[in-house]
Amino acid sequence: MSFLIDSSIMITSQILFFGFGWLFFMRQLFKDYEVRQYVVQVIFSVTFAFSCTMFELIIFEILGVLNSSSRYFHWKMNLCVILLILVFMVPFYIGYFIVSNIRLLHKQRLLFSCLLWLTFMYFFWKLGDPFPILSPKHGILSIEQLISRVGVIGVTLMALLSGFGAVNCPYTYMSYFLRNVTDTDILALERRLLQTMDMIISKKKRMAMTRRTMFQKGEVHNKPSGFWGMIKSVTTSAPGSENLTLIQQEVDALEELSRQLFLETADLYATKERIEYSKTFKGKYFNFLGYFFSIYCVWKIFMATINIVFDRVGKTDPVTRGIEITVNYLGIQFDVKFWSQHISFILVGIIIVTSIRGLLITLTKFFYAISSSKSSNVIVLLLAQIMGMYFVSSVLLIRMSMPLEYRTIITEVLGELQFNFYHRWFDVIFLVSALSSILFLYLAHKQAPEKHMAP
């Protein structure tokens, strides 16, 4: 009876997650597109529902909600379904919609979709060869084979996003990095833009006048005919045509310059708005957050470097370890186990909420940046694939933030994976991503004032 009640709770929550994914799809991703493939919408919503269910089961594990056997059953079922979606269903439909957009392959799209899926499976399987991700006793058809490979892709993605986010967040929030933009700077750039537009207009007028003169002289229509006439037309040109070509090249260069000046002007306006915003209470709050995240970024880079150099992976979750150090230093009586459970629950909850929110915001921006009416179905399925792999990998990494007694069921469900490898791999990719982001933002920040203030 308790199993039925537990299952009804899980099914209800999955229906709610599915509905939220459906609404997000309709009101965010596809609100500007008329053509909707319901199979794409269903796949995206189902992936979102089962991804969120994994996080729900982590919270239930900490709070002790549901029977332990029920939790284990739903862990196993949820994991099998999400892997089925990520490895078999989504890649096949991505190939199907890619082939459907090619007219030459339209009649045999099912065959070519299968070929694309087999190609994906080959590279997906070969991905596991260079990495020590499995225990030697796992068979080739075990579920761990799929989890391990999905984990490598997802952890790599998480580390790349985390590395860039850890650097970009303080850079975006802190007023220290804002350039000092005045109205004089904006007016000077707008004056250059107007001068460029005037030059483009005057040169186009000259081109129109030249064409009119050539037309009146009969240089446009009196073309020689026959073979020798064609040879002559190639080897010789009308007196005004060379001038037209030269002016057209100048116009093209000026139009490119005008586009750059327009973008720089818009950037200066945005920077000026950010300067005004930084003076408000909310702006000062985000500025404080920027300093906090900059300290976190430095600490995270330092710890990732230490972990890589000394091949170190923590065995105790950060909350418990931090409380133990504080209690030992202050010499006070404190129930470490009791409070570490509650603080770990809050920490894991914050990680889950921020991960889901941050990923959805990133997915929305990414979708609007690259999608079109023809490619939108493929892009949504790619986002569903990324989302599922991201959440599966989050479970692998969140495991280390949980007290030891709560890690057991996750270890049992995921199998005997080499969890330490995933943490080391995350540190390596995070460090590369963070340092690359620092270099990129430094060069962009250094070059921006020179570009904007050039005479």
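Each Cβ is built from the backbone N, Cα and C atoms, and glycine gets one as well.
Here the structure is a predicted model, which means the values were calculated and not measured.
Residues or ranges marked as transmembrane segment by Swiss-Prot on the basis of sequence analysis: 5-25, 46-66, 79-99, 114-134, 150-170, 290-310, 343-363, 378-398, 425-445. Taken from Swiss-Prot, the feature N-linked glycosylation site applies to Asn180, Asn243.
Every protein chain shown contributes to the tally, and the Cβ of Asn243 (N-linked glycosylation site) ends up with 14 other Cβ atoms within 10 Å. Same-chain residues lying 6 or more positions outside the transmembrane segment (425-445) and placing a CB less than 8 Å from one of its CB atoms are 131, 152, 155-156, 158-164, 166-168, 171, 177, 297, 300-301, 303-305, 307-308, 397. By the Cβ criterion (distance under 8 Å, sequence gap of 6 or more), the transmembrane segment (378-398) is not counted as touching the transmembrane segment (114-134), fewer than 3 such pairs being found. Within the same chain, residues at least 6 positions away in sequence whose Cβ sits under 8 Å from that of Asn180 (N-linked glycosylation site) are Ile275. Counting only same-chain residues 6+ beyond the ends of the transmembrane segment (150-170), those with a CB under 8 A from a CB of the stretch are 83, 86-87, 127-128, 131, 133, 290-291, 293-294, 296-297, 300-301, 358, 362, 386, 388-394, 396-397, 417, 422, 425-438, 441. Within the chain, the transmembrane segment (46-66) has long-range Cβ neighbours (under 8 A, six or more residues past its boundaries) at 6, 9-10, 13-15, 17-18, 20-21, 24, 74-75, 78-79, 81-82, 85-86, 90, 341, 344-345, 348-349, 352, 356, 384-385, 387-388, 390-392, 394-395, 398, 402, 406, 409-410.
If you look at the transmembrane segment (5-25), the same-chain residues 6 or more away from its ends with a CB under 8 A from one of its CBs are 41, 44-50, 52-53, 56, 66-67, 70-71, 74, 360, 380.
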